[in-house]
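Look at Swiss-Prot and you will find D9 tagged as active site, nucleophile. The Mg(2+) binding site annotation in Swiss-Prot covers D9, D11, D134, K135. As annotated by Swiss-Prot, substrate binding site applies to D9, R10, D11, D17, D18, G19, Y20, T51, N52, Q53, A54, R108, K109, K135, with the evidence given as similarity to another entry. What Swiss-Prot lists as active site, proton donor is D11, and the listing cites similarity to another entry. Summarising the annotation, Swiss-Prot assigns site 'Stabilizes the phosphoryl group' to T51, K109 and lists similarity to another entry as the type of evidence. Look at Swiss-Prot and you will find R108 tagged as site 'Contributes to substrate recognition', backed by similarity to another entry.
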Amino acid sequence: MKNRALFLDRDGVINRDDGYVFEIEKFVFLDGIFELAGAAKALGYLSIVVTNQAGIGRGYYSEDDFFRLSDWMKGVFATEGAPIDGVYFCPTHPEHGIGRYKVESRFRKPNPGMILAAQHDFDLDLGASLLVGDKESDIQAGSTAGVGTTLLICDRDASRVATAASAVVRNPRDVIPFLTGPGPDAGSF
């Protein structure tokens, strides 16, 4: 039997998006993220991070900085009883990347490359999986890959949000009901 995954974007889903976060002391977890990851784990989902990291390509920080922060983040999740099973990232940017990072990539969202790589690595049933993002590019990547449920985190009224997502939620905690079905009143607050 294939595995199910909870795909999580990083900035804006796992942590507050303060723009190119790469320092541990500036990394602020969003309320409810550990409850979400713990609930997913209890239901047999793998938790997989899929994140564009153009700050590397722009020269704001290094891949080593990203790995250091990711290792720390994974350690915190493990301590909270909600381990992260995989982290996929794309450091390139087609317009603003520097040197080898200035390229188009099938891994950069909205392209589905990171999700498809995880599908291969973890033998995933994408149709039975969920993706949570805070940008339409996250939703597009999930939809293109065939992820069954895509959820957009947004603090605005869902009726005012134009999105292709399955539903709009306010925070990570609001995703939990979707792990077992379509969720309560999908698309509304």
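Backbone N, Cα and C define each Cβ position, glycine as well.
It should be emphasised that the depicted structure is a prediction, and the values quoted were computed from it without experimental measurement.
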Among R108, K135, the one of these recorded positions whose Cβ has the fewest neighbouring Cβ atoms within 10 Å: K135
Cα-Cα distance linking Y20 (substrate binding site) and D11 (Mg(2+) binding site), given in Å to the nearest integer: 8
DSSP-derived class (H/G/I helix, E/B strand, else coil) of Y20 (substrate binding site): coil
Residues flanking the Mg(2+) site, with Cβ no more than 8 Å from the Cβ centroid of D9, D11, D134, K135 and excluding those residues themselves: R10, G12, V13, D17, T51, G133, D138, I153
Fewest Cβ neighbours within 10 Å, where candidates are the recorded positions T51, N52: T51
Recorded positions (D9, D11, D18, Y20), the one with most neighbouring Cβ atoms at 10 Å: D9
Using Cα positions only, nearest of the recorded positions to D134 (Mg(2+) binding site) (D9, Y20, N52, A54, K109): D9
For the binding-site residues A54, K109, D134, the one whose C-beta sees the most other C-beta atoms within 10 angstroms: K109
Closest of Y20, A54, R108, K135 to D9 (active site, nucleophile), Cα positions, recorded positions only: K135
Where K109 (substrate binding site) sits in the secondary structure, as DSSP reduces it to three classes: coil
DSSP three-state assignment (helix, strand or coil) for K135 (Mg(2+) binding site): coil
Alpha-carbon distance [T51 (site 'Stabilizes the phosphoryl group'); Y20 (substrate binding site)] in Å: 12
Length of the line joining the Cα atoms of K135 (Mg(2+) binding site) and T51 (site 'Stabilizes the phosphoryl group'), in Å: 11
